[in-house]
């Protein structure tokens, strides 16, 4: 019973207790009257006769006792149940006459229930509490066991976790070395780095070099070695620590970073603490001081700028190498005072008091908190716009601070090259000025720089001398502007700027013979090309030497035409070309030689050059003889001189139908010309660059191309040149050359680049034969500068030089005397009396050789020199017109006294049968009334045809033209309009030297008119020859 009292009270137990009482009542010898209350009205087998509901009692069976159950909560006692209690166990448990609670209340309902039993009648009406106070720490054995187990498990988990954390921290430090994310000093290797073992007691401060914001710099002596000592006060201790730590970063040694020796601290005589940084001594001092005392040439200036850039690029580079790691470093105070100059002319970067180590988006700078401001530091004059505005990109600190350094580097570039002597040719170099010194003076304020740099977006001004169109100067200006760009993201990186500075030095190396600045009308590409063939003959003759950069103003006046020439090459060789040398500027050379033999325009006579040029090639290339004939007033005033009669097997005259207009000129589209006029010098420079690298140089010694100008067919010769005697009444003779010595002309491919000459095409006879230029005879070629051709109207009449060339054989890798004889004449005479039967078979063989293949066709897709004009300088028209007037008079009147007609009208006319044997058909022009008129110079380089009779014969149209005569201009450059090589006429080349009218002859005349002076050039057994066309017959014989 005792154990049951100690157990927690539950309602089912009470029911079982009542059941037990009821079941054992029968065993009791005495009936007991007890108080009764049962709210649940459970039927426990008690008869209704025993329960008295009026007074709430029950008559218990014998052996039963009374019990009561109360609930005590919040000071109130509520009766739960009363009745008879029949128990099994010790009867002494309920031997009390009163209902006394002697046991501790059970834990049911937090100990609020009270139970008692007694053995007298109605003893259970009330109850009495009589039990000891409960224990303050009563713990049941199961609960104590669970608590101890929880404590043990928690302690073990914490211990294991602590061990893991310690192991991870140790492993992280071992793997990353001195790296740490954050702003605090954590570099284990750096902290463990040993200072150089130097005794600072031997350090002596000799003289003060300079003083800055954070200390003074002295020249000192350490162990009898000159050193520079930077002294910091106690107030600037943080700058000392930071600069010392930057110098001690692993892999910090570099040629363009100041060499650090040792850093230490000491007490002064008055007890103050000072900090010393001992560094290598640089006698030239800072870059600012050096530039104020010295000027430099282009190479030295590039060396200064390149070395600073190289040092900054190394600072900005993150460099892991083995066990060492160098983070990227931002200087943050880069200016010309913090750059030192070494004895070899290179620079080193110093003063790292404000520098930061950069690790991604975080910074490493000892002594600063995470929210430390990284803006508004450094020298105000060199602050970038974003720093002045307080708009540094804190999300990408690494890139932002590098861009700040690049802005300052651009200002240093400007300071360095403002003292470059090569950039100020012909004038004194300006005194040294710091950046923005002209705008804000020597002591600018923060607000001044904000207004100037951030709001007004101004930068230091480039001088007028830097406005020249030079590749070097232009690249320099672009580099500087890309460094100090207003947009920080658009600035160059230090590595890119280093490459650009190296390229500037390479440009100078390639252009040693010229200054980096050139004349305005010259392009950098012309400088490059002029260097490859700078051997020029001296200027000879009455006319100035026009270089490739010359251009011609558009003019319709006769003698008021203005020719501007600004040479991009200031130095010329004083040694003339001799035999055996290859002159690449052949057109210019020919013109100079011709001018040298002309005393004046008024007394021009025919002269023959005796100087020849030879070409050494590595392959078998055709060799052609070349000579120059200038204008001849008249045969009776002077005579033709010839030397070295050609050695030929059997000279044979050749008779061919003289034709003109096998070539057709593609006229320029005015829209295309306008487009060319609008092109800037930048596009011209790019065009020249692309042209240079798009194909091989046609003038190189290894090129197999033979290039022919359109007006003067000038080619180069190998070996000794011979000339035949040409006099009045003597025909032009062509020597017989053995077929074994004839080699086909090389094939000239149509390279995909800008053509350098006019194309070939045959005009349809149904089309209009000429292009109308209008009343003022203006050319459709407009003025174009630098790289675009210009053509003026040409009104003055003048006989043009005719070059007669013949191919010989050039041996491999050595010179061979050519067997080809070349005879040249201008409006010369050809005698009659040549045998027609010899002409027939000789001309037939020549025409067959022309149709062999493409390799035998001469290509005129390019000229011998892309720098030189297509036309020679025109002679003054005063005396020449008089000469041509006499020529016209002689053409119009019959022969007198057997004298040969100067225009070959009656010189050995060939029979029609001879002409048909060559496959060439001629149609005689109907005679018409002859009207004497004055010959005039053509308005443009026009080779269009008037009438086409068949595939091999073309009649030359002629019409009258009115206009004033005047001196013409020459074409200095090719027009950029693309030409196409449409079709070859393999039978003949016809290049007219007689001007054709600017208006179309549409007067309905049946007479086929001819040019008074034309030249037909044709191939004959691998050679070339020229002759003139007759006005009456339209053909002539050689």
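Every residue gets a Cβ built from N, Cα and C, even glycine.
Features reported for this protein in Swiss-Prot:
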BINDING   209-217, 230, 280-282, 337-338, 351  ATP binding site
COMPBIAS  603-626  compositional bias 'Low complexity'
COMPBIAS  872-896  compositional bias 'Basic and acidic residues'
COMPBIAS  909-924  compositional bias 'Polar residues'
COMPBIAS  937-964  compositional bias 'Polar residues'
DOMAIN    203-504  domain 'Protein kinase'
MOD_RES   379  phosphothreonine
MOD_RES   586  phosphoserine
MOD_RES   680  phosphoserine
MOD_RES   681  phosphoserine
MOD_RES   843  phosphoserine
TOPO_DOM  27-150  topological domain 'Extracellular'
Residue among recorded positions 338, 379 with least C-beta crowding, 10 angstrom cut-off: 379
Residue 215 (ATP binding site) to the residue listed as 'phosphothreonine' - Cα separation in whole Å: 15
Pairwise CA distance, residue 282 (ATP binding site) versus residue 379 (phosphothreonine), rounded so that it is a whole Å: 22
Residues that sit under 8 angstroms from residue 209 (ATP binding site) by C-beta distance, when 6+ apart in the chain: 217, 218, 219, 228, 285
Cα-to-Cα gap, residue 379 (phosphothreonine) vs residue 338 (ATP binding site), nearest whole Å: 10
Count of other CB atoms lying within 10 Å of the CB belonging to residue 215 (ATP binding site): 22
Residue 211 (ATP binding site) CB neighbourhood, other CB atoms within 10 A: 11
Sparsest-packed among the binding-site residues, when each Cβ's other Cβ atoms within 10 Å are tallied, from 280, 282: 280
Close in space, distant in sequence - residue 213 (ATP binding site), Cβ under 8 Å, 6 or more apart: none
